[in-house]
């Protein structure tokens, strides 16, 4: 016993020498540089695909929608691999190298002449399409970057928290909250730099340097992360949160022929000692079979634990899966707003035709107007948390001001308005283009100011601030604090599905409208197409989705209070940051 105790103390002393604030420069540098490099590539990419690969606007937008969908899905997979197999350090390390490889491949598409079709002027003759090998090279770079981003973005904040989390320190909670605040501030600043500085470099110095700079930043990111390797606390992989959900579903299926007792008094359910969740709820009752004993003597080992966790689960596991299933209808209402939020390509093409001298005569790049949405989102979070919540709580006697459901609904409504505003502004822009004689010249710059498109970007940022943050807070209130990552996973998956739906909408509208008198609505020549019709349709879908949301919110049973799952959850969750999280768009 003394030997074991000495070894434990020795291990604790070794661990205490690792981690701490000294690791933050390496971790934050890795995160900032990865964000600047990764997010700096997307805004301008539509111009690269059209100009260098001779894509039309619809096919180029589809490629970028699919890239965003993949980038939003891989963090969920990355979290599973990290929790179950590799651990956070290895996951971030491997995927950082993978991201660097993807960015290097993309840089090579600009550097190597044979990696893309020969240059041409589409106004004089039809351009040569890219070969299958050239497309494979391009798509491989996108796919590899998505895989890399999935590992980094799913683990970086938790890995940072691992370094400074010390329950024995009475100031531990405050230190963690400070870390989270600085983390989100650095992420916000880095993304704003990405959509402005990197875009300016691409426009000013060309694609070779414009893609080379992000690749160089990613290389520095990888080096900075591994330089701190000897200082890190490296938590080993354990069971993933998603494993418990899968076990419950499988156990319920395996015991599907088992008869449930007519009342809970006649049943014996499996739960851990000391758990407050000892009996399953009556909702989705068929899942209760997963925690129902078939034969206690054969189902449990000598320690009272389930011999086969894929056949017998705890009541808490069953209730968590039920909670997840119950929020799915409300989750599905976030898909359409995911479509509106991910509109990057077409607004950039439209902005390219406008007079972009907005601030002090400085011309803003067409692909950088999304920064107005980011600024609106960031400012609104501060205004809401510091001014509106205290005021609303005094008026309504509710500590959070607006309820989470109200915030989600307001976000959906604002997104509808954003699409209608986009349609009206595009109608005016197209009319002006035809009146000024630019119907056949999409590269001509109109006298119309780009200030006209700023409100739609601001509205989208405001819609995201309401809906996305409302979603995360709502999900947080429905799951155990130990499974809070499900909240972010649900939001990310909603965005991924939204990207896929956006690609489907573009494909359908492009094919159906090609036979119209003016040709496809989503023409590469924005002055000839009808992007206003496209936005009207998105606005209509958003209104339908809003009423669908009202029905789902009305049908959902339960308030907004956090459910206490076990005794340990009565304590403050020091690893859950306070305030509103930063929402990141891919």
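Positions of Cβ are set from backbone N, Cα and C atoms, glycine also.
As annotated by TrEMBL, transmembrane segment applies to 32-51 (among others). Distant neighbours of the transmembrane segment (32-51): 57, 60-61, 63-64, 67-68, 96, 99, 103, 106, 110, 145, 149, 152, 156, 186-187, 189-191, 193-195, 197-199, 202-203, 207, 210-211, 213-215, 217-218, 220-221, 224, 344-345, 348-349, 352, 365-368, 370, 524, 586; these residues of the same chain sit at least 6 beyond its ends, with a Cβ under 8 Å from one of its Cβ atoms.
According to TrEMBL, the feature transmembrane segment maps to 63-81 (among others).
Annotated transmembrane segment per TrEMBL: 93-112 (among others), in sequence order. Outside the transmembrane segment (93-112) by six or more residues, the chain places 30, 34, 37-38, 41, 48, 52, 78, 86, 137-138, 140-152, 206-208, 210-212, 214-215, 218-219, 221-222, 225-226, 229 with a CB less than 8 A from a CB of the stretch.
Packing against the transmembrane segment (132-161) from elsewhere in the chain are residues 23-24, 27-28, 30-31, 34, 38, 41, 53, 63, 67, 70-71, 73-79, 81-82, 88-89, 91-92, 94-103, 105-106, 108-109, 115-117, 176, 179-180, 183, 232, 485, 575, 584, 586: each is 6 or more residues past its ends and has a CB under 8 Å from a CB in it. The transmembrane segment annotation in TrEMBL covers 132-161 (among others).
TrEMBL lists 182-201 (among others) with the feature transmembrane segment.
Per TrEMBL, the feature transmembrane segment maps to 207-233 (among others).
The transmembrane segment annotation in TrEMBL covers 358-383 (among others). Long-range contacts of the transmembrane segment (358-383) within the same chain, counting only residues at least 6 positions beyond its ends with a Cβ under 8 Å from a Cβ of the stretch, are 43-44, 46-47, 188, 191-192, 195-196, 199-200, 203, 344, 347-349, 351-352, 449-451, 453-454, 457-462, 464-465, 469, 579-580, 582-583.
Among the features that TrEMBL reports, transmembrane segment is placed at 408-425 (among others). Sequence-distant neighbours of the transmembrane segment (408-425) (same chain, 6+ residues past either end, Cβ-Cβ under 8 Å): 330, 333-334, 336-337, 340-341, 343, 347, 402, 452-453, 455-456, 459-460, 462-468, 470-471, 474, 532-533, 535-536, 538-539, 542-543, 545-546, 549-550, 553.
Sequence annotations record features per position, and here TrEMBL assigns transmembrane segment to 486-509 (among others). Same-chain neighbours of the transmembrane segment (486-509): 58, 61-62, 65-66, 68-70, 72-73, 75-76, 79, 241, 324, 327, 331-332, 334-339, 341-343, 468, 471-472, 475-476, 479, 520-522, 534, 537-538, 581, 583, 585-586, counting only residues six or more beyond its ends whose CB sits under 8 Å from a CB of the stretch.
According to TrEMBL, the feature transmembrane segment maps to 533-556 (among others). Outside the transmembrane segment (533-556) by six or more residues, the chain places 326-327, 329-330, 332-333, 335-337, 339-340, 343, 346, 405, 408-409, 412-413, 415-416, 419-420, 422-423, 426, 505, 509, 513, 521-522 with a CB less than 8 A from a CB of the stretch.
Away from its own ends, the transmembrane segment (207-233) comes close to residues 15, 18-20, 22-23, 25-27, 29-30, 33-34, 36-38, 40-41, 44, 48, 52, 89, 92-93, 96-97, 99-100, 103-104, 106-107, 109-111, 159, 162-163, 198, 201 of its chain (Cβ-Cβ under 8 Å, at least six residues beyond either end). Outside the transmembrane segment (63-81) by six or more residues, the chain places 42, 45-46, 49, 55, 91, 95, 139, 142-143, 145-147, 149-155, 240, 242, 342, 344-345, 485, 489, 492-493, 495-497, 499-500, 502-503, 506, 586 with a CB less than 8 A from a CB of the stretch.
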